[in-house]
Amino acid sequence: MGQLALQRLQPLASLPRRPPSLPPPSSATPSLPCATASRRPRFYVARAMSSHIVGYPRIGPKRELKFALESFWDGKTNVDDLQNVAANLRKSIWKHMAHAGIKYIPSNTFSYYDQMLDTTAMLGAVPSRYGWESGEIGFDVYFSMARGNASAHAMEMTKWFDTNYHYIVPELGPDVNFSYASHKAVVEFKEAKALGIDTVPVLIGPMTYLLLSKPAKGVEKSFCLLSLIDKILPVYKEVLADLKSAGARWIQFDEPILVMDLDTSQLQAFSDAYSHMESSLAGLNVLIATYFADVPAEAYKTLMSLKCVTGFGFDLVRGLETLDLIKMNFPRGKLLFAGVVDGRNIWANDLSASLKTLQTLEDIVGKEKVVVSTSCSLLHTAVDLVNEMKLDKELKSWLAFAAQKVVEVNALAKSFSGAKDEALFSSNSMRQASRRSSPRVTNAAVQQDVDAVKKSDHHRSTEVSVRLQAQQKKLNLPALPTTTIGSFPQTTDLRRIRREFKAKKISEVDYVQTIKEEYEKVIKLQEELGIDVLVHGEAERNDMVEFFGEQLSGFAFTSNGWVQSYGSRCVKPPIIYGDITRPKAMTVFWSSMAQKMTQRPMKGMLTGPVTILNWSFVRNDQPRHETCFQIALAIKDEVEDLEKAGVTVIQIDEAALREGLPLRKSEQKFYLDWAVHAFRITNSGVQDSTQIHTHMCYSNFNDIIHSIIDMDADVITIENSRSDEKLLSVFHEGVKYGAGIGPGVYDIHSPRIPSTEEIAERINKMLAVLDSKVLWVNPDCGLKTRNYSEVKSALSNMVAAAKLIRSQLNKS
């Protein structure tokens, strides 16, 4: 593996009480004063070997934060217990970076739930329904905003740009009274300083915060969020003053919104905001970090014109065109934080290739002005490869998790400054060559099949209206049919049984019997509740992607490769390292078993190719769409086998379709074309009477509704309840949707139980724009994370609401 792979995040218990000090980031020179008419700006002079990390995973190497949060929420532990776990995690992270030699170490990137929610707390922008009026925001209000409580629903949650991380969407309006209500940033800076580590506090920038917010309920949807800029900047100024008083010498503003297609007025507002903060930034070195894509030319020009900025950070993994802009114009004396180590994947960096990029930058801005960095926060990758004891040695040698990427950054910085570790670079080159030449990566037959697929189109043989008639004749469903999305609660006993079977501690016969009994319980419950189209509850599945990946070639799985999705929710993305095939049927045995337990329709449950792709760590040696088509062909075989086995309703989840949408509009059509094509490949060969469902999560679908229609599913269920029926506005505007559709009627991510009346009101809102012949009634998402008490109550109210509205329709 070489020296690089042996670097790891220290175990919490092994940390010394008094860590060695790290020289402060700006100890070499005085802080950068703001340019004024009477003073010439003095620019920070970086030493060679400068390195920087945008951000780091907060969950812990073995999900320590997840378990601490859930224990606290369940009342099993107290505030002190939770805060102690968090403090130990922060300490281990900062020390790992310090020991690795990182110069610019971030602070305030830790969060108990979400960094956007932290910013909402910092600004005191708490919606009135949570009952907060003033003072420091505590955990009760903080977690109520994230998760809801008995009397107030949670704030909306949606995808963070095109990642699988979710943020809590701020709710803003003209009457919000902003105030400095959370001192987290300065508290954590002081905490690191007490350990002898001088950090760079990180704040989400004011533009990104506002443009990722939404108008609060009751506020006109046309309300200009940027009109609040003058109201939030005073709070930012207070925070900056607080940090300076605490001894901060650097500040990092994360402004990823700059990679979006911003208009002239938005860019002007950005420029004005930072100009307005100039006096408050005096005495600080300022870094503005962008990531996830190229910075458009006009945004780049605006960024480069800012005064009082010491350095600019760019994603040079996904933002290759930004390199051309840097070549044309980069201001003299400024630092370039070059994001050459991928923060969103798990592949070991090609150190020689990255070094060439850095040398190109050296010719443009000068060696002393280049800082080696990650492309974005390492929040989006797994924590530490050292914890993977079961991965085979060859595959493991191709990988680098967050802890290893920190070492890669410093290795590049050392090499760039003339202190190249020849042994490490040689080992890295050998591992890169091993991956390129390994026979396990390429399957010629699969490559040929994909080439054939790309040359053809795939459509069902008849229109959806004709198919729905054939399906209704077979299924005989009532108006407003009820269903659930797929999963039912995963109990501790169920998880234990799966673990024991995987470890070969119980026999296959005993395992199958246990799953069968779980199916019987779930099916009986649904029949008693009166649900129309059933699911078997997915008791045999640990994860909707991992379950399929484990049965497909070209996939590998980690033991501790967890990544935060939201709050305490973590996912363990599979690794797609090679060409993909389906050796045998994956779900037919289980779906056939479940169907025999009921006379009602039973959904066969599959995960779609785009979602498997977007929720995996994907190979980076071929275009993503080619990998997606390989998965689609495997799912196609499974769909056709399910149909042959007598399964008449098949759900192909595309929960992550939209999150793969490129951030730049110019790139979106190509993605949507191949993503829709991949979905159609999976089911274009089934009979008219076989009903194809799909499900989508956490997305703003308004701008891709025509692509959703083009998917040609018979029924689509959509996560909608936290979005104030934003989706329904599409239909208000006249978009015609002839297939079945089920916008979620209640939020499964909150423990709150909606009343029958509340759900009925939602259904009536939907019927104002959707025909009762196409409307389905269902929860937002799968029920895996809820307990049975919550599920029974919520589903009972959902079915009662559907029956209530159904009876009203029959009378009219």
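Even glycines carry a Cβ here, placed using N, Cα and C.
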Ask   = Can you tell which of Asp350, Asp363, Asp653, Asp673 Swiss-Prot lists as binding L-homocysteine with Ile485, Gly486, Ser487, Glu538?
value = Asp653
Note = According to Swiss-Prot, Lys66, Asn164, Asp543, Tyr566, Arg569, Cys570 bind 5-methyltetrahydropteroyltri-L-glutamate, and the residue from Trp132, Trp250, Trp615 that belongs to that same site is Trp615
Ask   = Which is it, of 430-456, 457-483, that Swiss-Prot names as region 'Disordered'?
value = 430-456
Ask   = Taking each of the binding-site residues Ile485, Cys570, Cys781 in turn and counting other Cβ atoms within 10 Å of its Cβ, which one has the fewest?
value = Cys570
Remark   = Whole-Å Cα distance, Cys697 (Zn(2+) 1 binding site) to Asp653 (L-homocysteine binding site), is 9
Note = One of the binding-site residues Asn164, Ile485, Tyr566, Trp615, His706 has its Cα closest to the Cα of His749 (active site, proton donor), namely Tyr566
Ask   = Using an 8 Å cut-off from the Cβ centroid of Ile485, Gly486, Ser487, Glu538, Asp653, can you name the remaining same-chain residues around the L-methionine site, in sequence order?
value = Thr484, Val535, Met544, Met605, Gln651, His695, Cys781, Gly782, Lys784
Query = Pick from Lys66, His695, His706: which of these binding-site residues has the biggest number of other Cβ atoms within 10 Å of its Cβ?
reply = His695
Query = Tell me, how many other CB atoms lie within 10 A of the CB of Asp710 (Zn(2+) 2 binding site), whichever protein chain they belong to?
reply = 15
Note = For Ser487 (L-homocysteine binding site), the close binding-site residues (Cα within 10 Å) drawn from His695, Asp710, Cys781 turn out to be Cys781
